[in-house]
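Participant: Pulled these from TrEMBL:
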DOMAIN    41-293  domain 'G-protein coupled receptors family 1 profile'
TRANSMEM  25-50  transmembrane segment
TRANSMEM  62-80  transmembrane segment
TRANSMEM  100-123  transmembrane segment
TRANSMEM  144-162  transmembrane segment
TRANSMEM  182-203  transmembrane segment
TRANSMEM  244-270  transmembrane segment
Amino acid sequence: MPNASSWSASSPLLLLWEDSSGTRIFLSLLYAVLAISGTLSNVMVIYLVFSFKKLQTTSNAFIVNGCAADLSVCALWMPQEAVLGLLPPNSSSLRSAEYRLLRGGLLGLGLTVSLASHLLVAFNRYVLITKLPSVYQALYQRRHTGCMIGLSWALALLPVPLLPGLWTLGSAQSDGSSRYTALLLALAVLGQTALLLHCYLGIVRRVRGSAKRVSVLNFHLLHQLPFPAAPPPPRRAQRRLSSVSVLLLCCVFLLGTQPLVWVSLLGFFLRPAPPALQAASWLLLCSLSALNP
């Protein structure tokens with residue numbers, strides 16, 4: 001098994017930490033499956049939004065933006081990793097620093113815009129449900145929506161100078177810059193997660209409170225009618241289904257993002273996590289691009 005420095009310098013895969021052929025083949029197959037499924041599902045979502053006029057809403061514009069970013073990972077980055085994993089470890093193409101930087105750029109760009117799109121969708125729904133319609137219409141004009149989408153891509157280009165540090169992320173022999181790159185990455189994802197959870201939990205509280213007020217109002221009105229009224233349709237199951245859907249969405253997002261956050265924080269404040277744990281945390285984050293649709 002190579003040491004940490006050789007893992008970060010000569011590994012054909014960003015997530016690969018062992019030079020055995022079995023590991024490379026397994027990861028190549030896994031990348032191939034994620035690339036095919038993620039590409040097809042993201043293309044399908046984009047196709048549906050552009051094909052049906054009723055789906056062309058502001059919230060879906062952010063979803064399409066996220067799907068386009070996920071295609072950068074699933075359709076451009078993952079197929080390269082799947083092919084490179086089958087090449088010999090001493091291949092000249094694998095040792096090219098420029099090519100490694102290009103692959104890191106595709107991955108970083110796609111993941112950053114995808115995570116930003118998650119937050120934009122959550123904030124859009126939060127404003128739509130919890131604020132007045134006039135506030136929503138003023139905030140989400142067509143020009144403002146385009147600026148938000150463009151800003152997500154512009155912000156994704158800022159960390160490009162930090163990409164080389166990702167190759168030594170968590171390495172025992174990495175320099176201080178890579179350790180601070182790991183810390184910056186962890187704090188950014190952690191802050192984005194906190195804002196996203198705040199939006200969705202606020203939506204759940206608002207919907208539950210509104211449903212309770214409507215139920216109490218209907219109860220008083222029905223008892224004031226001079227004739228027997230039909231029983232109101234059951235809504236508890238619908239509210240429970242909505243809560244479960246939001247909970248499931250949050251759980252999948254947390255499962256994909258939080259392992260990398262805590263592995264990075266562990267490597268900065270205590271000691272680097274085992275390479276296998278680093279690989280698993282990166283793989284979960286990358287697989288989120290295939291699970292997003």
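Every residue, even glycine, has its Cβ placed from backbone N, Cα and C.
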Participant: Please indicate, using numbers and ranges, the residues of the same chain that are 6 or more beyond the transmembrane segment (62-80) and have a C-beta under 8 Å from a C-beta there.
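Facilitator: 31-32, 34-35, 37-39, 42-43, 45-46, 49-50, 103, 106-107, 109-114, 117-118, 120-121, 124, 145, 148-149, 152, 156, 286, 289-290, 292-293.
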Participant: If we skip the immediate neighbours and take only residues 6+ beyond the ends of the transmembrane segment (25-50), which ones have a Cβ under 8 Å from one of its Cβ atoms?
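Facilitator: For the transmembrane segment (25-50), the list is 13, 15-16, 56, 60, 63-64, 67-68, 70-71, 73-75, 78-79, 81-83, 85-86, 283, 286-287, 289-293.
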